[in-house]
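Q: Sharing the feature lines straight out of TrEMBL:
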SIGNAL    1-26  signal peptide
DOMAIN    52-197  domain 'Cupin type-1'
BINDING   Asn95, His100, Glu105  oxalate binding site
BINDING   His98, His100, Glu105, His144  Mn(2+) binding site
Amino acid sequence: MASNTSSLKFFSLLISSLAIVQMAIADPDILTDFVAPPNGTVDANFFTFTGMRVLVGDAEPKNFTVLKATMAEFPALNGQSVSYAVLEFPSGTTNPPHTHPRSAELLFLVGGTLEVGFVDTKNNLFTQTLKAGDLFVFPKGLVHFQYNPDSQNPALAISSFGSASAGTVSIPTTLFATNIDDNVLALSFKTDVPTIQKLKAGFAPKP
């Protein structure tokens, strides 16, 4: 029994160490002004991202929408430890509980109202109702959410991150769309397997 306990502690320590190392090297310091693309071609276009132009004069979306400018969409951000997102909330929509494992999030509410919140590692819930012009910070790695409670008006927010690849882990999708065993989820949520299966059905790909 003692041997098994020691092995478990070692395994947990190893996993934790790997996670810390992965987070530490998410945005390494670079030894050049910027990271050039593989083809070596660099001009002003390389440092310009036009993906947000769709916001100008475009119709409001019917569902919650995120437009990202991360290293994946904007390679010039590689090594710069910064990224950006525009969040559009039609009335009554939410950005479900999620985390960003590699960065805090600083949200600026451009228009409308939002109910926001996060849960810390002691299970304390911090919530706030934001009005246009307000800023709110979601600490790195903590579960958080945003919700537009207004039944008539949309909300628009801009979020900045201290990483070129902050990452997003959606809690509902992670739990119910990744083939975690139904029995594990039923026991964890203190419910039954049929209930878990109904929840999973809501995340099944639509034909």
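Cβ coordinates are placed from backbone N, Cα and C, and glycine is handled just like the others.
Curation plays no part in TrEMBL annotations; they are all automatic predictions.
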Q: Determine, to the nearest whole angstrom, how far the Cα atom of His144 (Mn(2+) binding site) is from the Cα atom of Glu105 (oxalate binding site).
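A: With distance taken Cα to Cα, Glu105 (oxalate binding site) is 10 Å from His144 (Mn(2+) binding site).
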Q: If I restrict to non-local contacts, at least six residues apart, and a C-beta distance under 8 angstroms, what lies near Asn95 (oxalate binding site) in its own chain?
A: Phe64, Val66, Leu87, Phe89, Phe145, Gln146, Tyr147
Q: Near the Cβ of Glu105 (oxalate binding site), how many other Cβ atoms are there if near means within 10 Å?
A: 23
Q: Report, as a single number, how many Cβ atoms besides its own are within 10 Å of the Cβ of His100 (oxalate binding site).
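A: A 10 Å sphere around the Cβ of His100 (oxalate binding site) contains 24 other Cβ atoms.
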Q: What number of additional C-beta atoms lies within 10 angstroms of the C-beta atom of His144 (Mn(2+) binding site)?
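A: A count of 22.
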Q: I need the CA-to-CA distance for His98 (Mn(2+) binding site) versus Glu105 (oxalate binding site), whole Å please.
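A: Here the two Cα atoms are 12 Å apart.
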Q: Identify all same-chain residues not among His98, His100, Glu105, His144 whose C-beta atom falls within 8 angstroms of the centroid of the Mn(2+) site's C-beta atoms; report them in sequence order.
A: Thr99, Phe118, Phe138, Leu142, Val143, Ala166, Thr168
Q: Cβ within 8 Å of the oxalate site's Cβ centroid: which residues qualify beyond Asn95, His100, Glu105?
A: Ala85, His98, Thr99, Leu107, Phe138, His144, Gln146, Ser159, Phe161, Ala166, Thr168
Q: What are the helix, strand and coil residue counts for the domain 'Cupin type-1' (52-197) according to DSSP?
A: 25 helix, 57 strand, 64 coil
